[in-house]
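Scroll down for the structure; my scribbles are underneath it.
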Amino acid sequence: MVGSGSHTPYDISNSPSDVNVQPATQLNSTLVEDDDVDNQLFEEAQVTETGFRSPSASDNSCAYCGIDSAKCVIKCNSCKKWFCNTKNGTSSSHIVNHLVLSHHNVVSLHPDSDLGDTVLECYNCGRKNVFLLGFVSAKSEAVVVLLCRIPCAQTKNANWDTDQWQPLIEDRQLLSWVAEQPTEEEKLKARLITPSQISKLEAKWRSNKDATINDIDAPEEQEAIPPLLLRYQDAYEYQRSYGPLIKLEADYDKQLKESQALEHISVSWSLALNNRHLASFTLSTFESNELKVAIGDEMILWYSGMQHPDWEGRGYIVRLPNSFQDTFTLELKPSKTPPPTHLTTGFTAEFIWKGTSYDRMQDALKKFAIDKKSISGYLYYKILGHQVVDISFDVPLPKEFSIPNFAQLNSSQSNAVSHVLQRPLSLIQGPPGTGKTVTSATIVYHLSKIHKDRILVCAPSNVAVDHLAAKLRDLGLKVVRLTAKSREDVESSVSNLALHNLVGRGAKGELKNLLKLKDEVGELSASDTKRFVKLVRKTEAEILNKADVVCCTCVGAGDKRLDTKFRTVLIDESTQASEPECLIPIVKGAKQVILVGDHQQLGPVILERKAADAGLKQSLFERLISLGHVPIRLEVQYRMNPYLSEFPSNMFYEGSLQNGVTIEQRTVPNSKFPWPIRGIPMMFWANYGREEISANGTSFLNRIEAMNCERIITKLFRDGVKPEQIGVITPYEGQRAYILQYMQMNGSLDKDLYIKVEVASVDAFQGREKDYIILSCVRANEQQAIGFLRDPRRLNVGLTRAKYGLVILGNPRSLARNTLWNHLLIHFREKGCLVEGTLDNLQLCTVQLVRPQPRKTERPMNAQFNVESEMGDFPKFQDFDAQSMVSFSGQIGDFGNAFVDNTELSSYINNEYWNFENFKSAFSQKQNRNEIDDRNLYQEEASHLNSNFARELQREEQKHELSKDFSNLGI
């Protein structure tokens, strides 16, 4: 037995007899997962808590339950609290629970334990992150050595059997020879603590480190958050529903951002092309994985130490870590006090939260409610969910929809263009590789020529906006790209279209002189600044007014520089935006709106769980489908080898996808890659490695899958494939980081080749493609818990990025329990592509695929699936889209279709439809108008229905209970 600082092996001859650790039950998905905001750390039922003793803050007892056995408790070295190694009613041991929730990772054993007062650390390098640590046995029997997973466990050593490295944490608790399990008698005396209490106690400790379980026992009243509705009586009810959810999300985002202070960082200094100082810093994997950072985020960098007077500077993030480099780069704003560039250590960085995006969403809701000119009457009532008469625009259609010297449209694309040009509201569903960007660009081109008016083109992300702006530029349109001030120094593929660059290039006279003076001096006088701002604003307005198309993000549409009306708004990737986000460009005076997206792929990212559960994670695109608005689907895919498109087409698009490329066009001749079936470039390679907790304690990795991933990439390199052609997709940040590290340490070819291979999340690959995709599933445990691999949308994206070849690495035993993955495995088996063995000797996999058990869940009519926790099975319809009524994203569609078996509901729908048929008849004389945009006209024409509609809304709410009669629908 040795102390922590001596870096000598641990003598375990007197330790518990089970030191020869057998493969243990694997980690459960109830551990917190990165990018998984809906997942809970714990899922167990509440347990009674009376009659047990409370832990004492003055001794070495568990801060959760009070167990004080020296052999069972471990100290968290960050907060100096003690925790036991038992689960006792929770999904993870108390010490692991605490480490995960607190983001701590250094522990030490009790002085009276078998191993003594020992800080657990790596024998070679001294790293103390317990989530990184594992053990290997010495060639002599009675000694083990602790090594970190990477790099030390990857280093060959004659004295240690590093191939047998095992993590110290298995089954979500420390191995029993590190910290024993308490006796049954000790468990009975301990206080039972619920997962909910643990979460509250950890939150309490952030503000009061001396808090105990007694401080959180008092029940707290929490205001109930009503779910969003399908239909709204008026815009005020709409605003009252969405406004609180936006505030919830904003408050959560603010708390998250402001908690991300980075202390004791080392900085390297350089100069940007504009002569501004750049501060670059690298964080540990643990720290960088926890950060939620985007290009353009504002930060404060400051120094306080003995070597220089206190200094503080502000700037914007201009570069983030990626597959090719691991640094964050901050561009500092000009300041009278220069930064201490001669210093590199002792700096602290803090993020500045800005609620601009949330403020603009709230403003859009208010504008929608009170400004009748913000949107046409037709669109107003459509968004509220009222049944209004469909109208069409009497516009001259082009003889040919395809544009000369541009991509030729197929029939489904031409149909989409024709439909959109004549309708005030259109939904275009673009499955993977179907050319929705080409279709969108063609639509914008024709609308610009027909109406001779500016068009506002938006998307949730800057990448999507830039991509579409480039296409529109290629069509010869005058395109202006509006970016946030914080992103003006970030280079992109369309920087030449950026408004600030157009202002600089077109500056004349006084403005040109002021720009030159500003560049030379760095700062203008107060009077010059005032004049400069005025001239810039005037020039910006002139440029925007002369544009054919203005491109910006949805949030960017709320910029004051766009304080004008736009008749036509097109939103690309609209299914990735929340509804209030989409509303920002729409309330710029829209009379014609085109939403482009795919609700079978990834949806909006909502961090606050309550807001997500209440419905904020549903896009406007999806809700309109639920209201019966049928999207136009693009049906010809040009990306994937037809063998790769077969399963996604049948599973997610009712087999409607046609192939615009042949097998020959997507087959590499003379390839020597060992595909199981020659001519079918896909395989599911069964991997039976164990999942492990990653370095940050909140994610997962799988070493066997990472090792085989490197072997596949090396094999592709030897087959002539370039690094830029390969993409590795994994849902877990822990696996992403580990694969990058593993390839650099163990790749058998030039290390620079492996650096150029992109390894990223499913989200990062949405809308993109690679010639070859490797999908690492990671999850492998006896509980068959697969986390957010259950989300069909994530699987759809992962399966549809590859053009020439797809390799899936996963454990079929764990995945087969899920209905969707079961179908996928059966598909690969039927094709002869479900294999196991070594890459050079693949054999058909003989593992038995256990039939998944269907789950029956009762939900109210308007309820949504919690994608991460409830998507175990499909809705029981004959197809997977049910005529755009029920999608895998879990949205229940039109009542008249979804519940046709219920007489009362059918009668209700029919009566409502009859009323609106009368309205339609009365309105028919106005159907041929080019545009109906007077909200008062609709109000007058529909006044006889308003009171009926209000009553029907109330009846609709009362019918929630009827959903219990429809459990046979499986939704």
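Note: Cβ is positioned from N, Cα and C throughout, glycine not excepted.
Here the Cβ of THR434 (ATP binding site) has 27 other Cβ atoms within 10 Å, regardless of which shown protein chain they belong to. Taken from Swiss-Prot, the feature ATP binding site applies to GLN413, GLY433, THR434, GLY435, LYS436, THR437, GLN601, TYR638, GLU769.
Residues annotated as domain 'Upf1 CH-rich' in Swiss-Prot, with sequence analysis given as evidence: 54-208.
Positions annotated as phosphoserine by Swiss-Prot: SER56 (among others).
Under the heading phosphoserine, Swiss-Prot lists SER869 (among others).
Residues annotated as region 'Disordered' in Swiss-Prot: 1-22.
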Worksheet, complete the sentence: If we take the residues GLN413, GLY433, THR434, GLY435, LYS436, THR437, GLN601, TYR638, GLU769 that the record assigns to ATP, their largest CA-CA distance in Å comes out at 20
Discussion item. Need the DSSP three-state call for GLN601 (ATP binding site) to compare against my parser.
Written reply: coil
Fill in: Count of other CB atoms lying within 10 Å of the CB belonging to LYS436 (ATP binding site)
23
Worksheet entry | Three-class DSSP secondary structure - LYS436 (ATP binding site) | helix
